[in-house]
Amino acid sequence: MTDQTNKIYLSDVTLRDGMHAIRHQYSLDSAVAIARALDDAGVDSIEVAHGDGLSGSSFNYGFGAHTDLQWIEAVAGTVKRAQVATLLLPGIGTVHDLRAAYDAGARIVRIATHCTEADISKQHIAYARELGMDTVGFLMMSHMTSPDALAQQAKLMESYGAQCVYVVDSGGALGMRDVAARFDALKAVLDPATQTGMHAHHNLSLGVANSIVALEHGCDRIDASLTGMGAGAGNAPLEVFVAAVDRLGLHHGCDVKQLIDAAEDIVRPLQERPVRVDRETLALGYAGVYSSFLRHTEAAAAKYGLSAFDIMVELGRRRMVGGQEDMIVDVALDMLKAREAA
């Protein structure tokens, strides 16, 4: 486990992954209120962007209530201690977007790719380092490749300049042994100076447990969000994770009661669809489907009179990955044709 004398680095993602839960509709006032509460409670960083990262606001992913820069500027002007982070997916966001985010106040960037496509992150990681940003590699859908193969992708990101590399369980499909194996593999090949992080989703109710297992296997940074606000069944709930590690005697530097109050009083009332494990979100973890497919799949199921659970299982069977949201409708239409032909 991470040395108990070392503080766990807590990266909050309520204002980025949490965007998925409300279709990217945070008001600036809500963003400021959440950021202020997180800053007061003691988190290390607050990630801010459209749910699909810089420039994610689009027909394919959903249009945001505000621009990334408006959200980032609002949060950067609010926090006194926490650093502002953002997310960039090569192919959606560009280095020009990254520069604009930096100018707006972001000082940390997570460059996110599918777990087997680290090679497309080279330009963005290098540019982030030129800007002097804390530069993080973010390997999404980490359940879809082996621990050793994932470690080699992490090594690529490190070679480009990433100072930290994340195991990202985008589908909430990893078990505790899976997490342990991946961190052991990363630690075996990465330079000791390169940190590692865990981004969990709660689709199998393992978000907190997997994050603790990651710590036991050398993880340095943990992503979490208030009430678990995030795609699918959400992320590891920040207030729950901090309470759990507090009972384990680990140093986290946060005020547990303030986090609980922020979760219940500020964030939970914003949920238009409860962020929880239910039939549809469990299907994501069971089938290993990208968590942000949830709302898109539910919309397709309602439109075509199909089961969202069945669509998700088929998406998992076809091994769809982030960025293939347009295929959800294709899968639904294929299922509709098959039903009509039966």
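Even glycines carry a Cβ here, placed using N, Cα and C.
The Cβ of HIS20 (active site, proton acceptor) has GLY51, GLY230, ALA231, GLY232, SER291, SER292, LEU294, ARG295 as same-chain neighbours under 8 Å, each 6 or more residues away in sequence. Per Swiss-Prot, active site, proton acceptor is recorded for HIS20.
The DSSP secondary structure for ARG16 (substrate binding site) is coil. Using a 10 Å radius centred on the Cβ of ARG16 (substrate binding site) and all shown protein chains, the other Cβ atoms total 30. Sequence annotations record features per position, and here Swiss-Prot assigns substrate binding site to ARG16, ASP17, SER170, HIS199, TYR290 based on sequence analysis.
Mapped onto three states, the DSSP output places HIS199 (substrate binding site) in strand. In sequence order, VAL13, PHE138, TYR166, VAL167, VAL168, ASP169, SER170, ASP223, ASN235 are the residues near HIS199 (substrate binding site), counting only same-chain partners six or more apart with C-beta under 8 A. Look at Swiss-Prot and you will find ASP17, HIS199, HIS201 tagged as Mn(2+) binding site, backed by sequence analysis.
Marked as domain 'Pyruvate carboxyltransferase' by Swiss-Prot: 8-260.
Per Swiss-Prot, the feature site 'Transition state stabilizer' maps to ARG16.
The Cβ of HIS201 (Mn(2+) binding site) has 31 neighbouring Cβ atoms from other residues within 10 Å, across all protein chains displayed.
Our reading of the substrate binding annotation (ARG16, ASP17, SER170, HIS199, TYR290) yields a largest Cα to Cα distance of 15 angstrom.
The C-beta environment of ASP17 (substrate binding site), restricted to residues of the same chain at least 6 apart in sequence and closer than 8 Å, consists of GLU47, GLY51, ASP223, SER225, MET229, GLY230, ALA231, ASN235. Cβ proximity to the Mn(2+) site centre (mean Cβ of ASP17, HIS199, HIS201, cutoff 8 Å) flags the following additional same-chain residues: VAL13, VAL168, ASP169, SER170, GLY172, ALA200, ASP223, SER225, GLY230, ALA231, GLY234, ASN235, ALA236, SER291. Around SER170 (substrate binding site), a 10 Å sphere centred on its CB holds 32 further CB atoms from the protein chains shown.
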